[in-house]
Structure formats: structure tokens, C-alpha cells
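Novice: For reference, Swiss-Prot lists these features for the protein:
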BINDING   Ala195, Arg196, Pro197, Gly198, Met199, Gly200, Lys201, Thr202  ATP binding site
DOMAIN    164-436  domain 'SF4 helicase'
REGION    355-375  region 'Disordered'
Amino acid sequence: MRQDIEASVIGGLLIGGLTPTASDVLATLEPEAFSIPLYRKAFEVIRKQARNRNLIDGLMVAEECGDEYATAVMMTARSCPSAANLKGYAGMVADSYQRRQVLQLLDEMREPISNGTLDASGRAMDELVKRLSSIRKPRNEVKPVRLGEIINDYTDTLDRRLRNGEESDTLKTGIEELDAITGGMNAEDLVIIAARPGMGKTELALKIAEGVASRVIPGSGVRRGVLIFSMEMSAIQVVERGIAGAGMMSVSVLRNPSRMDDEGWARVASGMKLLAELDVWVVDASRLSVEEIRSISERHKQEHPNLSLIMADYLGLIEKPKAERNDLAIAHISGSLKAMAKDLKTPVISLSQLSRDVEKRPNKRPTNADLRDSGSIEQDADSIIMLYREAVYDENSSAAPFAEIIVTKNRFGSLGTVYQRFCNGHFVACDQDEARQICTASNAPAGRRKRYAQGADV
């Protein structure tokens with residue numbers, strides 16, 4: 001059966017010539033998809049001929065295949081009745097190839113998983129997950145679409161936004177001033193939150209996660225879901241941060257519960273209740289590859305269709321692929337995160353460190369040029385949000401109580417700065433005009449600045 005289908009693809013290409021359908025098949029199918037050596041060789045020659053000479057000629061293909069295959073190639077062409085179902089047969093060949101790859105991988109990994117030591121078996125299972133996610137699925141046909149056809153879809157989008165009002169199809173962070181600048185996150189966005197250590201990256205990310213998970217998907221009555229890959233903090237620490245944030249308490253208070261009064265315990269209970277009601281999931285793992293992150297996210301999206309945001313804390317802790325240079329590895333990770341957002345139709349937020357060079361400047365407010373390791377992060381990101389707190393450098397500054405959330409890139413909107421008070425390690429809304437005046441006017445002398453203030457939260 002498999003041989004007949006593969007023969008039908010080769011025969012259809014040979015008798016049909018270089019039609020648009022044939023071009024689609026040549027663009028989406030790989031020679032390795034053919035299990036029969038004869039057809040694999042014939043497909044390689046056909047594709048080479050189509051690319052180099054812009055034609056498919058049966059006699060020329062047979063000749064280039066050599067004496068071993070020439071006669072069989074011509075017989076394949078003669079025995080094919082029609083090229084009418086070429087695309088359907090090609091899809092069957094691609095599906096069969098993917099199944100063979102999966103079965104071969106399972107056979108290869110069965111022994112080390114079944115009979116290896118506990119550690120070796122665990123490593124083998126990790127390798128199985130990674131390689132399964134790397135098996136390329138058969139590519140769907142890619143073709144141009146006329147703008148006139150897309151306009152109908154966009155009309156539906158506008159109508160949905162009109163009906164839903166503030167609850168549009170962009171994802172809101174829960175920080176009103178930030179949403180006013182960015183317009184919210186689109187379904188395919190990669191958002192980077194970057195800062196030097198101690199500025200509050202993780203705290204801001206968790207605040208956004210809570211803001212997203214507190215909202216309902218328009219028209220469904222179902223709350224939005226969030227998936228957090230926490231590679232720096234344990235799941236317990238994430239919960240602790242969440243409870244502290246909900247109760248507007250310092251994390252240090254929760255670490256000394258014997259000192260809490262009744263009001264403190266009431267805040268803890270309220271925070272626990274709030275977090276328990278949110279559909280927020282945490283993957284607690286110190287090292288994950290970007291392929292593993294994608295595999296887990298795909299499975300979670302299938303099981304929980306309300307998943308609305310994926311968060312990775314942080315980009316520098318994602319396991320790097322083998323590459324000649326570190327910037328190439330980072331480029332692979334950022335590009336893969338962007339592709340995941342696009343394919344899953346779910347925005348991805350990734351935290352990132354900034355270069356130490358920012359510390360060498362008199363004005364330490366970060367820019368996109370300070371992104372560590374690779375300019376590809378700036379290229380792949382749809383939005384970049386930088387954090388700056390004057391208190392990290394000068395606790396006595398008049399601007400010390402405030403945090404600046406700086407939108408330095410916004411592919412679909414404007415740039416700007418949002419101000420929040422930073423109280424007990426948490427971001428709190430404040431009067432924007434007042435904060436702007438104080439932070440703009442503040443210009444502490446370089447000699448008075450400290451590199452890092454004591455006790456800053458990460």
C-alpha cells in the first residue's frame with residue numbers, strides 16, 4: 001500500500017509536469033519521506049530539475065537517476081493513470097513519514113528508558129520529549145491570499161471589538177496606563193520584560209499574570225489561564241510572591257509568620273483565596289530547552305483551551321542549543337518563542353537580563369541596546385518593556401518610591417513610560433503626573449549613587 005502511494009506521487013509528478021500543484025508538493029515534501037529508495041532518488045532528481053530548469057521531464061529524470069533506476073522510473077510514469085490526486089497522495093506520504101519517525105524514535109528509546117538507572121532513564125525520557133517535539137510535522141500548503149479576502153475577516157474582528165468594548169481581543173495586563181500605551185497584547189506577540197537585577201522583573205511579570213487570570217474570556221464566562229515556566233524560583237516561592245502581592249505585604253513578613261498580627265493573617269487568607277481561584281499553572285524546572293517549553297505548552301493548550309498567556313522566567317535560564325556562538329543560541333531561543341506564540345495564538349512573555357554596560361552610564365535608564373547577548377531579542381520581540389527604579393542606586397532620591405515601566409518597543413502602538421509606586425516589593429498604581437514630575441526632576445549626583453541598594457527584590 002505504501003509503495004503504491006509513493007509511486008502515485010512520483011508518477012503524478014512525471015506525467016503532470018511542473019503545475020502549481022506539483023510546485024506545492026515539491027515545496028512541502030522532503031525526499032526522506034519516501035521509504036522506497038527508488039522513489040526517494042526520483043523525488044530528489046525531480047525537485048532538483050524543477051528548481052534548476054523550471055520543468056519536469058520524465059526522460060531527463062530517468063537518465064539522471066542512472067542505470068539502476070532508469071527503467072523503473074519510466075515504468076512508474078507509465079503505470080500512473082492520472083495526476084489528479086497528487087496533493088492527496090503527497091499528504092499521505094508525509095503522514096506516513098512522520099509515523100515512521102515517531103515509531104523509530106520510540107524503538108530507539110525503549111531500552112534506555114526501561115532498563116536504565118533512575119537518572120539514565122530520566123535523561124532518556126527528557127531526550128524523548130525533546131526529539132519528539134523536533135520531528136517536523138508535514139507542512140501545510142502555503143499560498144498567497146488576496147487582501148480583499150482578508151478584509152472580510154478583519155471586518156469580523158472590528159465587529160467583535162465593537163461588541164466586546166474594553167474586553168477586546170487584545171490581552172490586557174491589568175495595569176491600565178500600560179494597556180493604554182500598548183493597546184494590550186495581541187494573540188501572537190512575544191513580549192520581553194528586561195531590567196538589571198533588583199528592579200522587579202519577576203514581580204511585574206506576576207502582577208501581569210494575575211491581571212490576565214482575573215479577567216474572563218469575552219462571551220464565554222470562563223476565566224483566562226496562565227502558564228508560568230519558573231526556572232529561577234520554585235513553585236512555592238511563586239505562590240509566596242503571589243500571596244504577598246495580593247495582601248500588599250513584604251515577602252519577608254511571610255518568612256517570619258510568628259511576628260504576624262491578626263490583620264496580617266487575614267491578608268494571608270485573603271491572598272490564598274484569590275490565588276486559588278485563578279487558573280494559573282506553574283512549571284517548576286531549573287533547566288528546560290525551548291523545545292520542551294513548546295511541547296509542554298502545546299499539551300497544556302489542548303487540555304486547557306482557555307490558556308491566554310505563557311510566561312518564561314527567564315530567557316537566560318532556558319537551556320541553550322549547541323551553537324558556535326552564544327548569540328546564535330539566544331537567537332534560536334528568541335525566534336522559537338516568537339514562533340510558539342504565533343503557532344499557538346497565545347502571547348508569550350519572557351524575562352531577560354540587561355548588559356552590565358548600563359551601570360557605566362550617568363543615566364542608567366535602560367535602552368534596547370542594553371539587551372544582553374543578542375540583537376535578535378530586539379528583532380523578534382513585538383514589545384519590549386524595561387524597568388528602572390531610582391531606589392536601586394539612590395535610596396535617598398525623591399524618585400526612590402517610584403518604578404518606571406518603560407515601553408521601548410511596540411510594534412503595534414506607541415512608546416512611553418508608566419509610573420508605579422514600589423511598596424513592600426510590589427507595584428502599586430499612583431498619580432501619573434505627580435510621579436512623572438518627580439522622576440523627571442530627580443537627577444542625583446553620580447557620586448551619591450550606590451551600585452545596588454540593600455535588600456532590593458529581584
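Placed from the backbone N, Cα and C atoms, the Cβ positions cover glycine too.
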Novice: Given a Cβ distance threshold of under 8 angstroms, which distant residues of the chain, six or more beyond its ends, lie next to the region 'Disordered' (355-375)?
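Specialist: Counting only partners 6 or more residues beyond its ends, the region 'Disordered' (355-375) has Cβ contacts under 8 Å with 192, 194-196, 316, 326-327, 330-331, 334, 384, 386-388, 393, 404, 406, 408-409, 446, 451.
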Novice: Validating a neighbour-count step here. Other CB atoms within 10 A of the CB of Thr202 (ATP binding site): how many?
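Specialist: So the number of other Cβ atoms within 10 Å of Thr202 (ATP binding site) is 22.
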Novice: Here are the binding-site residues: Pro197, Gly198, Gly200. Which has the lowest count of other Cβ atoms within 10 Å?
Specialist: Pro197
Novice: Where does Thr202 (ATP binding site) sit in DSSP terms: helix, strand, or coil?
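Specialist: In three-state terms, Thr202 (ATP binding site) counts as helix.
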Novice: Helix, strand or coil by DSSP: which one applies to Ala195 (ATP binding site)?
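Specialist: Ala195 (ATP binding site) sits in a strand per DSSP.
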Novice: Could you list the residues of the same chain, at least six apart in sequence, whose Cβ is under 8 A from the Cβ of Ala195 (ATP binding site)?
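Specialist: Spatial neighbours, sequence-distant, of Ala195 (ATP binding site): Lys201, Gln353, Leu354, Pro366, Met386, Leu387, Tyr388.
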Novice: Around Arg196 (ATP binding site), which residues of its chain at least 6 apart sit with Cβ under 8 Å of its Cβ?
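Specialist: Listed in sequence order: Gln353, Leu354, Val358, Glu359, Lys364, Pro366, Val392.
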Novice: Per DSSP, what is the helix/strand/coil residue tally across the region 'Disordered' (355-375)?
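Specialist: Counting residues by DSSP class gives 8 helix, 1 strand, 12 coil.
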